[in-house]
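What TrEMBL records for Glu40 is active site. Per TrEMBL, Zn(2+) binding site is recorded for His39, His43, His49. Positions annotated as domain 'Peptidase M12B' by TrEMBL: 1-97. Under the heading domain 'Disintegrin', TrEMBL lists 111-202.
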Amino acid sequence: FSHNHSTGFSYAGLLCQKEYSVIVATLIQPKFLVSTIAHEIGHLFGLPHTEERTNLDKCPCHNICMMDSMVHRIDFKDIFWSECDKSEILRELKNDKDCLSFYSEANLNQQALCGNKVVDPGEECDCGFLKECQKEDSRKCCDPLSCKFTKGSNCYKGNCCNNCQIRKASEKCHMEQQECKHGLCDGISSNCRIFLDYNYDNNNEKELTCNYGKDQCFKGKCIRRDSTCEILYGESKNVNF
């Protein structure tokens, strides 16, 4: 297609509306196609073109800005997000948009197949092919040959799934995409869906761990001990905690 020499289109600010959360891009060289897709994702987040901003002096970027209107035919390696773009995207991410955390794979345009790790119509679960399932605890909950729950099971993954059973409503859980945020199970879904906002001075956070239980949460963030020590003392493989 051709329209005003554009190579991509998207609806501005309609990221979580499934009818409009779509990107159309022409098939050009891969290094240019990546730029087009990233640019259009910016529009879905509601970002305007760089030259349409009234505060350009407050929106610096290192070289060429991702939201420049003519960015589509520039190598992705030479493009950067401006400070305004980054802050606005972060603001949207912090709004806990459901579509960014919970999504349905049932209507993806692909052939239904038991073993593709997508729960297709007619399946109850899909932990992957046999060898993949053998490496995961989910095999005891999900039969990799039939993609049905094993006897007595009603879930196979998710932070509200424990020993193949959906946890009771009101039990605490980690939010799926933000492990340092408390949530509550709803007793229906195997995902942690009910976000709990609380004062970070509360001692509740002391019990919240992250990074597979290796580290501690602090003010909503996962503080990794190894990274902190590297910043303070440099990289070391022989530090005892």
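Note: Cβ is positioned from N, Cα and C throughout, glycine not excepted.
All annotation found in TrEMBL is predicted automatically rather than curated by experts.
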Sparsest-packed of the listed binding-site residues (His39, His43, His49) - C-beta count within 10 angstroms: His49
Reported mean pLDDT - the domain 'Peptidase M12B' (1-97): 76
Within the domain 'Peptidase M12B' (1-97), residues counted as helix, strand or coil by DSSP: 39 helix, 10 strand, 48 coil
Cα-Cα distance linking His49 (Zn(2+) binding site) and the residue listed as 'active site', given in Å to the nearest integer: 10
Zn(2+) site shell beyond His39, His43, His49, criterion: Cβ within 8 Å of Cβ centroid: Ser10, Glu40, Gly42, Leu47, Pro48, Met66, Met67, Ser69, Val71
Cβ neighbour count within 10 Å of the residue listed as 'active site': 22
